[in-house]
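Presented below is the structure to which this report refers.
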């Protein structure tokens, strides 16, 4: 053995070489550990997923009495893929902002792994939770024949300007580990899955709140069956013989969480589907997205409407012609906006502009009809229809409007609406001045609320917007029109009441000693002309006719005046 072999240098080189060879594998092991997230049943876990990265969601120490579990993962507006395998495949994964997978457990299994990934270029942050269920609980989505997964516990949401639709796959009866799943459609006996019932819950997020943290708090409140029953509002119960879908009113910019609880009334057990949320708008759109709701044209239109409403609220009866113009404008613009929308494919801005032009024409015609004919009663009836429309819309905006008889029959709904619409003007026949002043206060104050809604969302705008949607959409009757009532809405109700009462009281006090209505200008002109013709003591009676006076004035301009010839003062 040489001195070189005895030196420690070759040993160090060998160790260094071995370390270099092991470094990639160590780095790989470290990466897998860093991308591994441990989930505890019933506990929410915040997870961030990057592009080209797969996060392994691990569930361990599963009790033997648990027959199946669901993993649900939620983001605000970016898709995440949740899959059974590391490489997502058709029928083995689901991609959505609210995604969930259900895993049935075999005997002896105490842990399992699911995988999260995303194709988004930015890191996607979300929150997830594992929910365990026993063999007696129904299995959500186990009788799926519509969607890709064999067992699909997800709720799918679709929305447009008018409606938001949710769909889900039917559930099956529960079964223990190792048992064969019960058949879905062999029989409709009470002992089969046809006895199951589905409760649909709705939960409104805070108004005007697009924060991710608010959404995650709402998701945590609605994740399981107990949370839905305590925090959500049950709006509908479906039987297994019904279609597994529900339709709701779209509220752009308002966050809503929908979820479904399947119940087994025989065993008194239940299980929850994966909650889904929507804002009825797009976060990705740079035009009319969730961050840029409210067109400039809408803001301009309703700002002018609010100012006019404020004027009518306090001075409408005193300035009767201005009030008639505003009422005629509102009536004509609303009617023709519905007509144009149903019969044409024009853009929103163009429809709004045409409606405004036609509204001006309608306002002028109403004023001219009063100016020419002097019939106050006809004008007051039109004004009464405006108040009747608002009262009918308000009554059907309440939970009364969601009664099945109104949702299932357009005839019943519109007959009831027209009854309120027609009854109100009948009171104007007996008390025309008081009715006109009340209309000015109530309708004018509501116009102010609509102007506020153009800048700050308030549910009170849906009092009339629901009627507008129902007129434009033939299928709107099938949907639920619930809207959230939160702090801003109670403030707006207070503003509406204060403005309306103040305007009515002020006008009644100011007009108490005045004539009920101002006289028609045309009739006054006719009376004045007749008086001048018949009253010889009136100096105006001796005026020459207008053509003669104009001709005389023209002659004075062209004819030189001759001097009188007198140059000295007259002697007294």
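Each Cβ is built from the backbone N, Cα and C atoms, and glycine gets one as well.
Of the candidate ranges 282-299, 300-317, 516-533, TrEMBL annotates residues 300-317 with the feature transmembrane segment.
Transmembrane segment is the annotation TrEMBL gives to one range among 256-272, 324-340, and that range is 324-340. Tertiary proximity for the transmembrane segment (443-468) is limited to same-chain residues at least six positions away from its ends with a CB under 8 Å from its CB atoms, namely 207-208, 249, 251, 253-254, 293-294, 298-299, 301-303, 305-314, 316, 327, 330, 334, 337-338, 386-387, 389-390, 393-394, 396-397, 401, 417, 481, 483-486, 488-489, 492-493, 495-497, 499-500, 503.
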